[in-house]
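Here is what TrEMBL says about this protein:
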type	residues	note
SIGNAL	1-27	signal peptide
DISULFID	Cys37-Cys54	disulfide bond
DOMAIN	68-216	domain 'Cupin type-1'
BINDING	Asn114, His119, Glu124	oxalate binding site
BINDING	His117, His119, Glu124, His164	Mn(2+) binding site
Amino acid sequence: MSGGRDDLCFLAVGFAISLALLPLLSAVDPGSLQDFCVAVKDPNNSVFVNGNLCKDPNRVTADDFFLSGLDQPGNTSNPVGSKVTLINADRIPGLNTLGISLARVDYVPNGGLNPPHYHPRATEVFLALEGKFYAGFVASNPDRLISKILNPGDVFVFPAGRIHFQYNIGRTAGRAVSGLSSQNPGIVVVANSVFGSGIDPSVLARAFQMDKELVEQLRKKF
């Protein structure tokens, strides 16, 4: 039982720090909350833009701003050995239009990886709770890696739109909490997008200067 209380304590501290730091990052959605919005004249074929429809304020309850269960670890039984549990307006309706979301990330020991990815609409504040992380992001103009070894209690910022990763090099399971400056940050996992989106193998072979046969092998993994 003490382990469960410790989990709740760690997550509470992580949540508080993440929310405290987010205003410093101007936690506001500057534009669209989706990748694109194609104009349509038929209202029957349209969708709501930038968030969700709002509930009548007179019918709002505390449960609209509440979620339990984040003390439970995510299932890390997958090829990369990590699990991201995103808390956004789909999970807590009261987050709608507030410009923030939260994620718990779990990692297996000795190599749990949140693979290189980026959030097109959000800066991320990452708080390490357990484990030891090699983490970093790729800056542009010129491209260069900015990285750091993170221990429990360390905080690292991943700017919006920058490819970043976290790799648990510790011998114990890793845990972290991330605050994101958008209610719908979006995520593009680099390997999945490049090799799993259907780009012609000839394009990838030329871009990565590798044989087309190797490209085909990589595509089968994603």
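Each Cβ is built from the backbone N, Cα and C atoms, and glycine gets one as well.
TrEMBL annotations: computationally assigned, not manually curated.
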I want the residues beyond Asn114, His119, Glu124 whose C-beta is within 8 angstroms of the mean position of the oxalate site's C-beta atoms, in chain order.
Ala103, His117, Tyr118, Ala122, Phe126, Phe158, His164, Ser178, Leu180, Pro185, Ile187
Return only the integer: C-alpha distance in Å from His117 (Mn(2+) binding site) to Glu124 (oxalate binding site).
12
Least buried by Cβ count (within 10 Å) of the binding-site residues His117, His119
His117
Structural state census, the domain 'Cupin type-1' (68-216) (DSSP three-state)
23 helix, 58 strand, 68 coil
Measuring Cα to Cα, how many angstrom lie between Asn114 (oxalate binding site) and Cys54 (disulfide bond)?
33
Counting across all protein chains present, how many other Cβ atoms fall within 10 Å of the Cβ of Asn114 (oxalate binding site)?
26
